[in-house]
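The block underneath contains the structure these notes are about, expressed in structure tokens.
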Ligand code: HEC
């Protein structure tokens, strides 16, 4: 029995092949299957053991058979083995793929062209090149059938799909990285945890001027529909981040609050809307109407209104 590859290549090769199959077929979410399911580790360990066991058994059978051989056969066997695998297989394959003729045979393929002593050999195309060429033809046929005969999907659709999946990935990322919000992307937070965090921020920083219930003092009333600097989450976010009008006393909080915190406190103070504070300050500014709120508009107006516009009422 002649081994073409040594055991220390064969065992890892088979092992990682099975490993790959397991990872491919066992659905384990983001993590590799062997981490997600400890049973898989056990299974792979057993596979490894079995592979080693098979190797040992084959070896000992070989040994036993070897002992039964007559002396000269033993010698022949050993000779055959010792030339062993070296890189014979690889070399043979390499030669085959190059397809070049040995120098001794060049006489047969030389052409009678003679350019100043430079002669041309009529070598065959190297098989690696030919096979690659066949592969491209096959690819072309499959491609044509799939996209031009059966119209699987167009480039436009492919683009749409990729944009959609990228959008989903960005959404996902935004949700985990809240500090990425800015005045253009901020949305009204409704999670209790965010609102509670907003409440804490409001009570430590803002109550001196706006009162705990938003009724107003030095700062304006935050419970009514009237806004000096515009209502709605985007305007409020901007007011808190950039501050109010010069000299009025509302500073830019972006120095001391993180974007996520501004979003939280903005969302919190918008919960004051419509409540009745103990000591309401008279309304200041103008009634704020949310452009994005569903309302009756002609389609023409609809397309003209820009939802990202930040309105600044001076
Ligand atoms: C030193 C007093 C003071 C503090 C502290 C203060 N504000 Fe103000 N706030 C004001 C004043 C004054 C205005 C009006 C600004 C103007 O007229 O331009 C204002 C305006 C606002 C407005 C806009 C109201 C409108 O009608 O457009 C919001 C929203 C606001 N403050 C939120 C906050 C938040 C949130 C905090 C805490 C992080 C805070 N303020 C802390 C004084 C204060």
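The backbone N, Cα and C atoms fix where each Cβ goes, glycine too.
Annotated transmembrane segment per TrEMBL: 7-26 (among others), in sequence order.
Long-range neighbours of the transmembrane segment (38-58) within the same chain, counting only residues 6 or more positions beyond its ends whose Cβ lies under 8 Å from a Cβ of the stretch, are 7, 10-11, 14-15, 18-19, 22, 26. Among the features that TrEMBL reports, transmembrane segment is placed at 38-58 (among others).
As annotated by TrEMBL, transmembrane segment applies to 128-145 (among others). Packing against the transmembrane segment (128-145) from elsewhere in the chain are residues 97-99: each is 6 or more residues past its ends and has a CB under 8 Å from a CB in it.
With a cut-off of 8 Å between Cβ atoms, the residues of this chain six or more beyond the coiled coil (156-183) that come close are 234, 237-238, 241, 258-260, 263, 310. Residues or ranges marked as coiled coil by TrEMBL: 156-183.
The domain 'Cytochrome c' feature in TrEMBL is assigned to 193-273.
Annotation comment: TrEMBL describes 291-314 as region 'Disordered'.
Annotation comment: TrEMBL describes 300-314 as compositional bias 'Polar residues'.
Per DSSP, the secondary structure of the domain 'Cytochrome c' (193-273) breaks down as 43 helix, 2 strand, 36 coil.
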